[in-house]
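Q: This is the structure I want to talk about, given as structure tokens.
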Amino acid sequence: MPGTMQCLGAEYLVSAEKTRQREWRPQIYRKCTDTPWLVLFFLFWTGLVFIMGYSVVAGAAGRLLFGYDSFGNVCGKKNSPVEGAPLSGQDMTLKKHVFFMNACNLEVKDRGLGPTALCVSSCPEKQLDTLEEVQLFANINGSFLCVYSLNSFNYTQSSSADTLCPRLPVPPSKPFPLFNRCIPQTPECYSLFASVLINDADALHRILSGIMAGRDTILGLCVFTFALSLAMLFAFRFISTLLIHIIISLVILGLLFVCGVLWWLYYDYTNDLSTELDTEKENMNCMLAFAIISTVVTVLLLALIFTLRKRIKLTVELLHVTNKAISSCPFLLFQPLWTCAILIFFWVLWVAVLLSLGTAGTAQVMEGGQVEYKPLSGIRYMWWYHLIGLIWTSEFILACQRMTVAGAMVACYFNRNQNDPPARPILSSLFVLFCYHQGTAVKGSFLLTVTRIPRVIFMCIYSTLKEPQRSAWSRGEFRCSHCGLWCLLKYLYHLNQDAYTATAINGTDFCTSAKDAHTIIAKNSSHLTSVNCFGNFVIFLGKVLVVCFSIFGGLMAFNYSRALQVWAIPLLLVAFFACVVAHSFLSVFETALDILFLCFAVDLETNDGSSEKPYFMDPGFLSVIKRTNNLNNAKSQGQKDALPNEEGTELQPIVR
């Protein structure tokens, strides 16, 4: 009898009889699925392209990257003149540092720093007590510390030198990558300079400047993460019992080491804290949060490892079967490479647009010919739309990878003639994806996106609350909401993978595929749940190992450059990159396991093991399933060793 199924506000007509009679074999003739969602994604990306274009035109990322003076010139670049500002439009190619004429007495006035800022070729590393010393420094180093309109020969002769030159004595300073500023080195001047420059800077600028200040370290850690993920991928390809024990040992050591280092760094910060700097307090609070989270994760993982330690041998056999299935289309192992390349390209583009959004503003000439940049309020608040674009597009790219892997493995699994494997299964799967099922990938990625966004909003709201406002009730509410959304996200992730696999087999839309897959797995859940958990847990430990070593490298690298850096944000960026890259690489095995189990359930549903309807499954896979279920039955109910299907027919080896 036909019925209706509701999915994301739309009703789909589902025939029960048609569902029962579905052949569950890879379809040759297909139709486009979830086309409205593909149109929606296209319209969303039209908005993203508009933001990209407008931010590039209106923004000036160079001001953030290289720093700028008080007259509208970006240091280290050749500038265009600003109308009404006579000292603008100068060639600052050789003048790469920002120097404040009164660095020891900075004030914030109307979103701008009061003292005049100049572009100089080098910072004075020794204290200059007189104008003669300032003039000598200019003649020797070619670095002019007075306003551009005053010639260096007139430093000691002009009556206006007191207002056009820095206040004496000029403190020694050194260049620092944060905004390319000359940072005073005397303790008194440094604390005053830092408290104004950092604490009163725009929050978005502080985050972006922290990322740019540590860009080389971030890039190096990303390369390290990429190499470690690749090594872990090939380690799982040639898995063994010894290797599993090594991975588990490294994970335990890594968790304990990272946890200990985080608590040690937090203790170090609490005993060596500059109360003038809010960024130091932010770093300390982030360090405490990192330490608590790592401790909880360490305890939970150690408990799980201890509980599942006796299933290691079966897990190795299961991964051997998975490797055998992957070997039928070995290029699946290289699938994460192009996925990772596309993700990196998109993230670089996203960060470039974010930099432009953060610096979008119009030049306004003030009294005395100085130039101030007034932010464009409308464009600057578009970063929320930009953030949604980051999450949705990243999830879409990963969804395309999962559907490609599903299509290739399905074609290899449902192949009777083992001597004649499918030709180019990956290319065929890609062709089917881009011609018919992009809308399904968009819909699945949208589900994950709308689940992630509330988590981001909750974290932002909670982080804005001051400590007195964080009552026990609000903390408990936040943790429950965060935990609930995390569980929902994990459920949707597995639902999406099953839906993609069903779509790859039957060519149906997302909701129909999800329903069919859920129904057929539910009938065989007793056979599959425990086995699937073991394999996924070991793969998860591989991801944890990559993330642990990446975070440890980040802790060691960023801790050596604390001064004036919001380095908790770059560390979070490295951790996020490590999670995504490790997941992108090792998800090939995780995806392959999920696909194998769904295909196994389909096999049980549509075949009975007889000579007329033999199973497609590999005998090794059948053996692992039977041994695992026998172990479970012996521990719980002592049931018989044979693994029955729904009708009670004993599974038979595949007929060759």
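Cβ atoms are placed via backbone N, Cα and C, with glycine included.
It should be emphasised that the depicted structure is a prediction, and the values quoted were computed from it without experimental measurement.
Reproduced below are the annotations present in Swiss-Prot:
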- 37-57: transmembrane segment (TRANSMEM)
- Asn141: N-linked glycosylation site (CARBOHYD)
- Asn154: N-linked glycosylation site (CARBOHYD)
- 216-236: transmembrane segment (TRANSMEM)
- 242-262: transmembrane segment (TRANSMEM)
- 288-308: transmembrane segment (TRANSMEM)
- 337-357: transmembrane segment (TRANSMEM)
- 381-401: transmembrane segment (TRANSMEM)
- Asn506: N-linked glycosylation site (CARBOHYD)
- Asn524: N-linked glycosylation site (CARBOHYD)
- 537-557: transmembrane segment (TRANSMEM)
- Asn559: N-linked glycosylation site (CARBOHYD)
- 566-586: transmembrane segment (TRANSMEM)
- 634-656: region 'Disordered' (REGION)
Q: By the DSSP assignment reduced to helix, strand and coil, which category contains Asn524 (N-linked glycosylation site)?
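A: Reduced to three states, the DSSP call for Asn524 (N-linked glycosylation site) is coil.
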Q: Of the glycosylation sites listed here (Asn141, Asn154, Asn506), which is spatially closest to Asn524 (N-linked glycosylation site) when Cα positions are compared?
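A: That would be Asn506, the closest of Asn141, Asn154, Asn506 to Asn524 (N-linked glycosylation site).
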Q: Where Asn141 (N-linked glycosylation site) and Asn154 (N-linked glycosylation site) are concerned, what is their Cα separation in Å, rounded?
A: 17
Q: Cα distance, Asn506 (N-linked glycosylation site) to Asn154 (N-linked glycosylation site), nearest Å?
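A: So the Cα of Asn506 (N-linked glycosylation site) lies 84 Å away from that of Asn154 (N-linked glycosylation site).
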Q: When only pairs 6 or more apart in sequence are counted, do the transmembrane segment (242-262) and the transmembrane segment (381-401) reach 3 or more Cβ pairs under 8 Å?
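A: Since fewer than 3 Cβ pairs under 8 Å link them, the transmembrane segment (242-262) and the transmembrane segment (381-401) do not come into contact.
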Q: Apart from its near flanks, which chain residues at least 6 from the ends of the transmembrane segment (381-401) lie with a Cβ under 8 angstroms of it?
A: 41, 44-45, 47-48, 51, 55, 204, 335-336, 339, 342-343, 346-347, 350, 353-354, 357-358, 433, 438, 441-442, 444-446, 448-449, 452-453, 456, 496, 500, 580, 583-584, 587
Q: Determine the most Cβ-crowded residue among the glycosylation sites Asn154, Asn524, using a 10 Å radius around each Cβ and all protein chains in the structure.
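A: Its Cβ has the most other Cβ atoms within 10 Å: Asn524.
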Q: Short question: most Cβ pairs under 8 Å with the transmembrane segment (337-357), which of 37-57, 216-236, 288-308, 537-557, 566-586?
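A: Out of the listed stretches, 37-57 contacts the transmembrane segment (337-357) most.
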Q: Quick one: find which recorded stretch in 37-57, 537-557, 566-586 has the most Cβ pairs under 8 Å with the transmembrane segment (216-236).
A: 566-586
Q: Which of 37-57, 288-308, 537-557 has the most Cβ pairs closer than 8 Å to the transmembrane segment (566-586)?
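A: Going through each listed stretch, the top one turns out to be 537-557.
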Q: Using a Cβ-Cβ cut-off of under 8 Å, list the residues of the same chain that are 6+ residues beyond the ends of the transmembrane segment (537-557) and lie near it.
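A: Same-chain residues near the transmembrane segment (537-557) but 6 or more away: 214, 217, 220-221, 224-225, 228-229, 232, 235-236, 244, 247-248, 250-251, 254-255, 257-258, 261-262, 265, 301, 304-305, 308, 315, 319, 570-571, 574-575, 577-579, 581-583, 586, 589-590, 593.
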Q: Based on Cβ atoms within 10 Å, give me the single least packed residue among the glycosylation sites Asn141, Asn506.
A: Asn141
